[in-house]
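Listed in TrEMBL:
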DOMAIN    43-182  domain 'Lactate/malate dehydrogenase N-terminal'
BINDING   Gly49, Ala50, Gly51, Asn52, Val53, Gly54, Asp74, Asn135, Val158, Ala159, Asn160  NAD(+) binding site
DOMAIN    185-352  domain 'Lactate/malate dehydrogenase C-terminal'
ACT_SITE  His215  active site, proton acceptor
Amino acid sequence: MKKASSLSELGFDAGDASSGFFRPVAGDGGATPTSASHRRRLTKVSVIGAGNVGMAIAQTILTRDLADEIALVDALPDKLRGEMLDLQHAAAFLPRTRLVSDTDLAVTRGSDLAIVTAGARQIPGESRLNLLQRNVALFRKIVPPLAEHSPEALLLIVANPVDVLTYVAWKLSGFPPNRVIGSGTNLDSSRFRFLLAEHLDVNAQDVQAYMVGEHGDSSVAVWSSVSVAGMPVLKSLQASHHCFDEAALEGIRRSVVDSAYEVISLKGYTSWAIGYSVASLAASLLRDQRRIHPVSVLARGFHGIPPENDVFLSLPARLGRGGVLGVAEMELTEEEARRLRRSAKTLWENCQQLGL
C-alpha cells in the first residue's frame, strides 16, 4: 500500500466528503451560509530547520495552539516527512492545526511568523569567522525567498550565533528592523531566573531578572535591577550572605552562559528549553501580548552604543503583532553599561567582517 499522510493520497477523492455526515443549517431567508463568509483570518507559522531545536519549537507551538497552520522546511526530505507524519499522527490529542512540509521554501508562502533555526555547524578547528561566512552563504539561500513568499511576515532568528545572524537576516530580507528579531538572551534570562528562584525558594515567574547583550560569552547580567515582589535582590543577598561579592556574581553569570554547554555534554544537544522560549516569543508576537522579552534587536544609540553601528544584541523589548514595539530604557550601572558597550563592540566587529 502506498505510504500517505491523507486519504486523498491513497486515491480517495476528498471533494465535499463531510456532506454525507453533516446537514447545513439554513441562514436568514433560507440561504445556506458558507464557511468562508464566517472564517477568521488564519495564522501561519513556518519553521525552517527540522532538527532537534526546530522540532521542539514546532511541537511547543503546536501544543500551545498558537497557529492554524505550521509549515516545516528542511534540506533532508525523508527526515522532514517523518517529523511531519509523527506530529500528524498525534492529531487526536492536539488542537486542530494543519501541518505541511517541503524542502522548497514556497511552502512558507503567506506566513505570519517565520522562524529560522537552520545553521551551519562548526567543524573542529574551524575559525569563528569561517563559520560565520558559511552561515551567511546558507542565509543567502533562505532569507530572500522567505521574504519574497511572506513579505509581511515577522522574522525570528534562532540559529547561532544569533545576534550576528539576526543582523544578516535584516540585511538580506530588506525588512524594517522592528520585524527582524533574534531569540537572543530570552532563554539565558530564564536560566538566570531559575538559579535565583531556586536559591530564594520562589517561583521563577516571580523573579524579574535580565541577561542582556550578546547571547554568548560577553552577555551582561543586570544585577542592579533583579527583584522579587518589588524588592531589590542583590542588596538583600549581599546583606545576608557575605559571599555575594563580585567574584561570586561573575560565577553565577558564567554558570548561566555555560549551562547550554552542560546540557549538550550530557544529552548531545539542547531542545526543550529553547522550544519553550521561542514559543513564548511566538505567543507575544502573534497574540499581540505586549510582553517584555530580552531579545536581539537593532540596538544602535542605546546605552552609549554608537548610532552608526547597526549592531543587534539583546535588550528588554515590548513585543506584539507588529514585532518590536519598543525597547525599554532600562537603568544600568556604569559598569553594566560599560560591559554592554564592550559586548556591542565585539558583535559589531564580527558583523563588519561579513561585508554585507
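Placement of Cβ uses the backbone N, Cα and C atoms for every residue, glycine included.
A TrEMBL annotation is a machine prediction, not a hand-curated record.
Feature map: annotations from TrEMBL on the structure.
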residue: Gly49; record: NAD(+) binding site; Cβ within 10 Å: 22
residue: Gly51; record: NAD(+) binding site; Cβ within 10 Å: 17
residue: Val53; record: NAD(+) binding site; Cβ within 10 Å: 25
residue: Asp74; record: NAD(+) binding site; Cβ within 10 Å: 23
residue: Val158; record: NAD(+) binding site; Cβ within 10 Å: 27
residue: Asn160; record: NAD(+) binding site; Cβ within 10 Å: 21
residue: His215; record: active site, proton acceptor; Cβ within 10 Å: 30
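For the binding-site residues Gly49, Asp74, Asn160, a Cα to Cα distance of within 10 angstroms from the residue listed as 'active site, proton acceptor' holds for Asn160. Averaged over the domain 'Lactate/malate dehydrogenase C-terminal' (185-352), the predicted model has a pLDDT of 89.
Sorting the domain 'Lactate/malate dehydrogenase N-terminal' (43-182) by DSSP state (H, G, I as helix; E, B as strand; all else coil) yields 68 helix, 26 strand, 46 coil.
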